[in-house]
Amino acid sequence: MLRGDSAAKIQERYAELQKRKSHPTSCISTAFTNVATLCRKRYQMMHPELGLAHSCNEAFLPLMAFCGRHRDYNSPEESQRELLFHERLKSALDKLTFRPCSEEQRASYQKLDALTELYRDPQFQQINNFMTDFKKWLDGGFSTAVEGDAKAIRLEPFQKNLLIHVIFFIAVTKIPVLANRVLQYLIHAFQIDFLSQTSIDIFKQKATVFLVPRRHGKTWFIIPIISFLLKHMIGISIGYVAHQKHVSQFVLKEVEFRCRHTFARDYVVENKDNVISIDHRGAKSTALFASCYNTNSIRGQNFHLLLVDEAHFIKKEAFNTILGFLAQNTTKIIFISSTNTTSDSTCFLTRLNNAPFDMLNVVSYVCEEHLHSFTEKGDATACPCYRLHKPTFISLNSQVRKTANMFMPGAFMDEIIGGTNKISQNTVLITDQSREEFDILRYSTLNTNAYDYFGKTLYVYLDPAFTTNRKASGTGVAAVGAYRHQFLIYGLEHFFLRDLSESSEVAIAECAAHMIISVLSLHPYLDELRIAVEGNTNQAAAVRIACLIRQSVQSSTLIRVLFYHTPDQNHIEQPFYLMGRDKALAVEQFISRFNSGYIKASQELVSYTIKLSHDPIEYLLEQIQNLHRVTLAEGTTARYSAKRQNRISDDLIIAVIMATYLCDDIHAIRFRVS
């Protein structure tokens, strides 16, 4: 029989072999440590009591005699032999009496058992251990592990968001029966009690996207997540796909290094064929690392978590393999990438901004509200609202911005800031709700009971076009009035010249005057007319159009007619309006008013050039729908346009925008009698 010190040495030797990367296949179970032997088969024997042992044990007669004396031959006498008890023990047992359990006590125990069922669940214990170890790592508790782990770590909000996405989905799929109770525990642990149930449900989605600026620790944070999941989640399968092989190999080595130096004493860590596995003696937890050039390696896998790093630069052919895991209800796919807006091919994930469910998470130094103003200011390096802050290890100033743009124009916004230019450009300026409300809700301006609430002044804006090309441009005319804090459209005209042989000024003036006279005839409460004729194209023609309109209107009505006046090159006030930088301000003001429901149309809207073929409001809505913002280059002022390729021009919407813009009292001083 082996002595005690020999058994201890064998046990120690066996533990060393287990920790090695490759240990002999002849290692037997630790259940028979006293008889473990690594000798050749010719020297081995199989004994009923000792199991697999060295044949030299047959020479120890006391050992053989002991085994023979206590050998179990399954004889009936052994099972029927009477057990002997001490008399005092028998008398003490006879005096024991048991009281029946009351119903209240039984119900209390059942309730307590139901409440503690979650905490006894093995899957919950795995999640709880993961949370405990991760918190310990954040607090710097692993002092003997990887360099830097001894320091306390403060997570960025997107990193905490990523961690919540991972653990929430695993909790729901691992413990579906107790999912609600697990989520309540996680909500308390992450201190996100302020979130609504709708926001909580986002964490349980099968796919999510994170767009984060460069150098913010995206890949760095993935490494501890994979490591601690392998340690605590028994049987989990993780996939990691990178855009380059050297990136996936780097993450593989870092995960292996962390696993071996953090918890290799308790578990066997193995690295084979780009797969890191940890043996939990009941099941293995594995993590496979691949590049987008070898996505065939992830085919046929049964991942619970699939991390796609730098997803914007993944080969499009590889996405077919990755997206195939969406059909698996136990797989969570997380796309992580840096924000890059240089070309459409490297920012295709921004299309998810218009997805019916929230799955796009964008981190930027500049919020979307101030992005365009930030772009127009050449020296700005921080958002005006200061809602988003940069980490301490990121240094941004005007010199960095200038230097980056000197190497490559626009590099600061595209590569460093991580702007959301593509998202903002694709964002619709006019909401669907406001367009539907504008189309359906129209006021009756002939209702005599409402005369006292309508404004008494009619504003008309005329944008003349001296061409017969219907695809290029036409004359837009809009008549707008006030109703309390809202604006009413009384008339719309979109006029095109038939040919260049006729007098363009006369034709345009007659069209506008005809509409104005009709509006004034239908609405007798209007007692003042203010007209602005755009003179950017031809100032002389604009003055002549103004004179012709005044002559036609005053010959039919006795209303007071005022024109917007602008000084010409000789500093003489002339009846025309010059559109300049205030166009962008007017458009932004119109968008705000339209989306807020302050722009309405009259049921008795007057139109002689549109009504014959279209509903004037639907015709106007087509141009409103095309309204978009165009940013030419960084440092330049953005402009707005409603022109689209192969679509109608934007003359009518510009006339409506400027008419509502000139309704403000600040412009009243510019209207005078001509």
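The backbone N, Cα and C atoms fix where each Cβ goes, glycine too.
The feature active site, for ATPase activity is assigned by Swiss-Prot to E310. For the recorded site, E310 (active site, for ATPase activity), the DSSP three-state label reads coil. Proximity of E310 (active site, for ATPase activity) to non-local residues of its own chain (separation of 6 or more, Cβ distance below 8 Å) is seen for A242, H243, V247, I336, S337, S338, given in sequence order.
If you take the C-beta of D463 (active site, for nuclease activity) and look for same-chain residues 6 or more apart in sequence within under 8 angstroms, you find T475, G476, V477, E534, D651, I654, A655, M658. Marked as active site, for nuclease activity by Swiss-Prot: D463 (among others).
Mapped onto three states, the DSSP output places E534 (active site, for nuclease activity) in strand. A simple way to gauge crowding: the CB of E534 (active site, for nuclease activity) has 24 other CB atoms within 10 angstroms, across all the protein chains here. Sequence annotations record features per position, and here Swiss-Prot assigns active site, for nuclease activity to E534 (among others).
Cβ neighbours within 10 Å of D651 (active site, for nuclease activity), excluding its own Cβ and spanning all shown chains: 24. Annotation source Swiss-Prot lists active site, for nuclease activity at D651 (among others), citing sequence analysis.
The feature region 'Required for interaction with UL56 and DNA packaging' is assigned by Swiss-Prot to 580-600, with experimental evidence given as support. Residues 429-431, 434, 437-438, 441-443, 483, 485-489, 624, 627, 637-640, 656-658, 660-661 of the same chain sit 6 or more residues outside the region 'Required for interaction with UL56 and DNA packaging' (580-600) yet have a Cβ under 8 Å from a Cβ within it.
Taken from Swiss-Prot, the feature motif 'Walker A motif' covers 212-219, and the record attributes it to sequence analysis.
Positions annotated as motif 'Walker B motif' by Swiss-Prot: 305-310. Long-range contacts of the motif 'Walker B motif' (305-310) within the same chain: residues 166, 169-170, 218-219, 222, 226, 229, 236-243, 247, 251, 298, 322, 325, 331-338, each at least 6 residues beyond the stretch ends and with a Cβ under 8 Å from a Cβ of the stretch.
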Work out the three-state DSSP category of D463 (active site, for nuclease activity).
strand
Under DSSP, is D651 (active site, for nuclease activity) part of a helix or a strand, or is it coil?
helix
Tell me, what is the mean pLDDT of the motif 'Walker B motif' (305-310)?
91
